[in-house]
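Engineer: Grabbed the feature section from Swiss-Prot, which reads as follows:
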{"type": "BINDING", "residues": "Glu422, Asp495", "note": "Mg(2+) 1 binding site"}
{"type": "BINDING", "residues": "Asp495, Asp497", "note": "Mg(2+) 2 binding site"}
{"type": "DOMAIN", "residues": "416-530", "note": "domain 'Toprim'"}
{"type": "SITE", "residues": "Lys447", "note": "site 'Interaction with DNA'"}
{"type": "SITE", "residues": "Asn450", "note": "site 'Interaction with DNA'"}
Amino acid sequence: MSYVASNIQVLKGLEAVRKRPGMYIGSVSINGLHHLVYEVVDNSIDEALAGFCDKIEVVINSDNSVTVNDNGRGIPTDVHEEEGISALELVLTKLHSGGKFNKGTYKVSGGLHGVGISVVNALSSFLAVIVSRDGKLFKQTYSRGIPTSEVDIIGVSSARGTKVTFLADSEIFETLEYDFETLSKRLRELAFLNDKIRISIEDRRSGKEKFLEFYFEGGIKAFVDYITNNSKNIQNEPYFIEGSCDDVIVSVGLKWTEGYSDHILSFVNNINTREGGTHVAGFKSGFLKAMSEAFRDSKISKKDVPSLTLDDFKEGLTAVISIKIPEPQFEGQTKGKLGNSYVKKIVETIVHDGLLKVIDDNLLEVDIILNKAIRAARAREAARKARESERKKSAFESLALPGKLADCASKNPAEREIYIVEGDSAGGSAKMGRDRFSQAILPLWGKMLNVEKTREDKVITNDKLIPIIASLGAGVGKTFYIEKLRYHKIIIMADADVDGSHIRTLLLTFFFRYMRELIENGHVYIAMPPLYKLKYENREHYFYDDLEKEAFLGSIETGKRDKVSLQRYKGLGEMNPTQLWETTMNPATRKMKLIKINDAIQAEKIFVTLMGDDVEPRREFIEQNALDVVNLDV
C-alpha cells in the first residue's frame with residue numbers, strides 16, 4: 001500500500017494547544033508528560049498494525065529528552081498538494097493531520113487520542129525528526145511547534161523508519177522527570193497486544209541506567225500467563241478465542257485460577273477501556289451462554305445446585321479481551337468506554353462459538369471449572385442469606401456502630417476521618433489524643449482474616465471485619481456504595497514492625513478485593529508514626545527514617561553527641577496521647593502515605609503473591625525485594 005503526501009488529511013490547526021494543553025493531553029503533570037511518549041509510540045504502533053513495522057525503540061536520554069525510533073515506512077516527505085508544504089511538516093504542525101485520519105492508509109489506528117504527534121511538537125521546546133525513506137535520510141527540527149529548519153536531506157539510507165527526539169517544554173510541564181516503570185508498563189502492554197513486535201525501553205539518565213525489551217510471540221495468551229503466573233492455575237495453558245466479522249477483529253484469552261476474584265481487562269485498538277463498553281458486554285453475554293450450555297450438557301449432578309450466574313462462572317477467571325475496529329466511538333475524553341453498538345453482537349457470537357469449541361477440546365479441565373462455579377453459587381447463596389439475616393434484625397441493631405468505635409462529632413463525611421488502629425493500648429492513646437470533632441478511632445484486636453483465601457460469605461460474617469464494614473457504612477463487595485461512605489479519609493495506623501506490616505497488608509487486601517473504590521477514589525492512607533525520638537538539650541525531636549536521624553546527629557558537634565538520648569519506637573503504645581497527636585495525628589504536622597493503584601495488573605500479582613496459597617512465589621518475591629527493605633524485624 002502506498003503512503004505518500006496525498007494520504008495525509010488535515011482537519012484543523014494547532015493554535016490552541018499551548019494555551020490549553022490539558023484539553024489535549026489530560027494534564028501538565030507527569031501523566032501528561034508520559035502522554036507525549038505514548039502519542040509518538042502510537043504512531044509507530046499504527047505502522048505495526050498496518051504490517052510495516054516490527055521494531056520500536058524508546059530511549060530516555062540523559063537530558064530528559066525522549067527518542068522514539070521505529071522501522072516503519074517513514075513519514076512521507078513529499079509536498080502535500082493542498083497545503084503546499086511537505087507532508088512531514090504538515091503532520092508535525094497541524095492538529096489532526098496524519099495518515100490515521102485517512103481510511104486508505106490505516107484500517108485500524110490506536111493513536112487516535114484526538115491529538116497526534118503535532119501536539120507533542122507544540123508542547124516541546126525542541127523536536128527533531130529523522131526519516132529514512134526512498135533511499136534518503138531526511139531531517140527537520142522544531143521549537144514549540146514552529147519549524148527551525150527546512151526538510152533537509154542529510155544523507156543516504158538503505159533502511160526505513162522514523163526517529164523522533166523531543167524535549168518537553170519546562171514552561172508547560174510541572175516536571176520533566178519520566179517514570180521508567182510507568183512507561184515500561186505501557187510498552188509491555190503494547191507488546192502483549194501486538195505479538196511479534198519487539199519493543200525496547202532504555203534509560204540513559206545518570207544513576208538510573210536501565211534497559212528492558214519486550215517481545216511476546218504468544219500475544220494475548222502470553223498476557224494472561226503473565227497476569228496469572230503467581231497464581232494456582234486450573235488450566236495448563238490459557239484458552240484462546242479469535243475471529244473477525246465486518247472488519248472487527250476479536251481476540252480473547254481466558255484462564256481460571258483457584259482464587260476467588262475475577263480480573264477482566266479489555267482493549268480497543270490497544271487502548272485500555274477501563275470502563276468496558278459494548279465489546280465487554282458482548283464478551284459477558286457470549287461467555288455466559290457458552291458456560292451455561294456447557295453445564296447443562298455436562299454429566300455433573302444438577303441436584304441442589306442453585307441457578308448459576310455470570311459471577312459464579314467468572315470466579316477465579318482472568319480474561320483479556322482485545323478488539324481491533326476501524327472507527328471506534330468512545331464515550332468520554334478518556335476513551336474509557338466503547339460505544340459502537342454493533343460490536344456487542346459480533347463479540348458475543350465469536351466468544352460463544354469459540355468458547356464452545358474450546359470446551360469440547362478440554363472437557364476434564366472444564367469439569368473442574370464448572371464444579372468451582374457450583375461452589376461459588378453455594379457461597380453466594382450463603383452470603384445472600386447472611387445479608388438477609390442482618391436485614392431482619394431491628395433497624396437499631398443492623399445500623400448500630402461497633403461498640404469499640406469512638407466516633408467523631410462532625411456529620412460531614414468530607415471532613416471526617418477514621419483511624420483503624422492496631423491494638424487496644426494504642427487505640428486508647430489515639431482516643432485520648434485525637435481531635436474529637438473530625439477524628440474517629442476504631443481499634444482492631446485479634447487475628448485478621450486473609451480475604452485472599454476466603455469466599456465472600458465468610459468475609460461478610462467475619463467478626464474482625466464486621467466492625468470495619470459497619471463503621472465505614474458503605475456496604476461490602478457487590479453491595480458496596482461509595483456515596484454512603486461515612487469518612488473520606490480511612491487511615492491505617494499500625495506498629496512499624498513485621499506484625500504491623502502484616503496487619504496493613506491484610507487490610508489493604510480486604511479493601512482491594514471488597515471495597516476497591518475506596519483506593520481508586522483516594523480515600524485510603526497509611527499513617528507514618530516516627531521511628532525515633534531523640535532528646536537533646538531539653539528538646540524532643542522525632543524522625544521518620546534513618547536518613548533524617550543520621551543527618552540530625554551529623555549536625556551535632558562530636559563532643560556533644562554523648563548528651564543525646566535516642567529511643568527507637570517499636571510500637572504505637574510506647575507513645576503517650578500527646579506524642580501520638582503531635583507526631584502521627586495532627587493534620588498540620590503528620591506524615592501519611594496515600595494508597596493508589598498505578599498499575600492494576602501489578603497490584604493484582606502482588607496481592608496474589610503475598611496473600612495467596614502458593615509459598616514459592618512469595619519466597620521468591622521476598623528474596624528479590626529484600627534489598628529494598630529499610631527496617632527489617634528479625
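Residue numbering: from 1, along the chain as shown.
The backbone N, Cα and C atoms fix where each Cβ goes, glycine too.
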Engineer: To the nearest whole angstrom, what is the C-alpha distance linking Asn450 (site 'Interaction with DNA') and Glu422 (Mg(2+) 1 binding site)?
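Structural biologist: Approximately 16 Å lies between the Cα of Asn450 (site 'Interaction with DNA') and that of Glu422 (Mg(2+) 1 binding site).
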Engineer: Tally every other Cβ atom lying within 10 Å of the Cβ atom of Asp495 (Mg(2+) 1 binding site).
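Structural biologist: Neighbour count, Cβ to Cβ under the 10 Å cut-off: 21.
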Engineer: Which residue counts does DSSP yield for the domain 'Toprim' (416-530) in the helix, strand and coil classes, in that order?
Structural biologist: 52 helix, 21 strand, 42 coil
Engineer: Cα of Asp497 (Mg(2+) 2 binding site) to Cα of Lys447 (site 'Interaction with DNA'): how many Å, rounded?
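Structural biologist: Given the Cα positions, Asp497 (Mg(2+) 2 binding site) is 16 Å from Lys447 (site 'Interaction with DNA').
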Engineer: Return the single residue from the recorded positions list (Glu422, Lys447, Asn450, Asp497) that has the minimum number of other CB atoms within 10 Å.
Structural biologist: Lys447
Engineer: Using Cα coordinates, what distance in whole Å links Asp495 (Mg(2+) 1 binding site) and Lys447 (site 'Interaction with DNA')?
Structural biologist: 15
Engineer: Do you know offhand how many angstrom separate Lys447 (site 'Interaction with DNA') and Glu422 (Mg(2+) 1 binding site) by C-alpha?
Structural biologist: 11
